[in-house]
């Protein structure tokens, strides 16, 4: 008989004292409450820097499963760059230094591309400010800014405040000038609408497009015509004599400071790929030997990468496989990628001895119409696997508290919590009957806050702590744990040595 060690992830099940708008607290959940009272338990931090996000930012399912499976804090791109700036590593980055060396030796210009806002989804203007300060420190004289206006991840008419903030840094450092301005609708298309990207390219390379004496004038004129940040036409900033402040020329260098790839790929390809055929670039196609992308955008972009992908070696799944143990990953459609791809550190392939079970999520418009989703089918399939003694390690996700929680509707979400509790009982009972151990936790909160203080639906995730219960009475748990500490604790229970790459600390004392 196998004694399974199961990790049960109650997606979106956070803990909060206040019962108002709290579907987790208001639901009848005798199984969870019983385990909480009977077995060793604690809470874990599932948001902010504890999961590699900026301080105070709510967690999400992708990040949660990545951290849990990796057994360490997996820094997301925004935080990774922030930490590099804070710790002084940013200025030493080899790709930045190489681009700077190139323009200084050749007497050419450094161009900074990117989304100018503090939205933090595709970019952060603080990263561009760090580049301006670096250029000033290294004595680069010609630095030009090609600002992509946001209006989508931030308010629709906020560009002026970001231009003002940039001008402050230009004043402070003595380097940098705006060269072109364009709305992200043009510069950051991802749907192969190449006519939009072409307008942007022609402004940057040929100085073609509406001309303005300043970035401020460009924005004011656009607003006067009812065109707001996202949709500002690619425009050229000109000197007093109406010549462009700068265009992109041979041997110039570019640093593209967006860190999220999807909307950066197309415009990057126009500049980096010699075989580019999506539109005719015209006679002037500048040769850019140093085109630096903040992160790895795509195999289709021939540029240098400042922050290379982090290889997550020795995730929980890999370590379990190396120990010769059999593992099962099981979830319904909505969370299947999370218990497989994300849990395995961004790996699609199965490990040796890994089995996967996918149960289809119900075909309904929104899950508040069917709060139980496919939880009973998932549970039946899993209990059957446990009874057949097939696996040493089980990774299970129950999707309901998150997927129904996104509706912001109390009644359906309470039903989702209650269905989750019912099935949690069945699974834990089956595990205990085999003398196994269950670790019950969540990846982030959601169902714990369904209403705002005004009584409006709250559809987002929360920053509340998540539970951690071990159904074994002879263990002691420490306080202050994070999601990255779960895998080390599981390895402790399995009697498998924790690899050095796994920097989380076991929650089991």
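Keep in mind that glycine also has a Cβ here, set from the backbone N, Cα and C atoms.
Keep in mind that this is a model prediction, so the values were computed, not measured.
According to Swiss-Prot, the protein has these features:
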- 61: active site, phosphoserine intermediate (ACT_SITE)
- 11, 61, 443, 444: Mn(2+) 2 binding site (BINDING)
- 122, 152, 153, 184, 190, 260, 261, 262, 263, 335: substrate binding site (BINDING)
- 402, 406, 461: Mn(2+) 1 binding site (BINDING)
- 35: phosphotyrosine (MOD_RES)
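This view paints the features noted in Swiss-Prot onto the structure.
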| residue | record | DSSP class |
| --- | --- | --- |
| 11 | Mn(2+) 2 binding site | coil |
| 35 | phosphotyrosine | helix |
| 61 | active site, phosphoserine intermediate | helix |
| 122 | substrate binding site | coil |
| 190 | substrate binding site | coil |
| 261 | substrate binding site | coil |
| 402 | Mn(2+) 1 binding site | helix |
| 443 | Mn(2+) 2 binding site | coil |
| 461 | Mn(2+) 1 binding site | coil |
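Ranked by CA distance from residue 153 (substrate binding site), the recorded positions 35, 406, 444 have 406 at the top as the closest. Straight-line distance linking the Cα atoms of residue 190 (substrate binding site) and residue 61 (active site, phosphoserine intermediate), rounded to a whole number, equals 24 Å.
With a cut-off of 8 Å between CB atoms and residues at least 6 apart in sequence, the same chain places 61, 335, 338, 397, 398, 399, 400, 401, 402, 403, 442, 443, 444, 446 near residue 11 (Mn(2+) 2 binding site), listed in sequence order.
A separation of roughly 20 Å, to the nearest angstrom, links the Cα atoms of residue 122 (substrate binding site) and residue 461 (Mn(2+) 1 binding site). A Cα-Cα distance of 24 Å separates residue 263 (substrate binding site) from residue 461 (Mn(2+) 1 binding site).
Neighbour density for residue 402 (Mn(2+) 1 binding site): within 10 A of its CB lie 31 other CB atoms from the protein chains shown. According to DSSP, residue 153 (substrate binding site) sits in a coil region rather than a helix or strand. Counting only same-chain residues six or more apart in sequence, the Cβ atoms lying under 8 angstroms from the Cβ of residue 406 (Mn(2+) 1 binding site) belong to 367, 446, 459. One way to see the shell of the Mn(2+) 1 site is to take the Cβ centroid of 402, 406, 461; the remaining same-chain residues with a Cβ within 8 Å of it are 11, 12, 60, 61, 401, 403, 405, 444, 446, 447, 459, 460. Among the recorded positions 35, 61, 153, 443, 461, the residue whose Cβ has the fewest other Cβ atoms within 10 Å is 153. Excluding the listed site residues 11, 61, 443, 444, the same chain places 9, 12, 46, 59, 60, 64, 65, 335, 338, 402, 442, 446, 461 with Cβ atoms within 8 Å of the centre of the Mn(2+) 2 site Cβ atoms. Of all the binding-site residues listed here (122, 190, 263, 444), it is 190 whose C-beta has the fewest other C-beta atoms within 10 angstroms.
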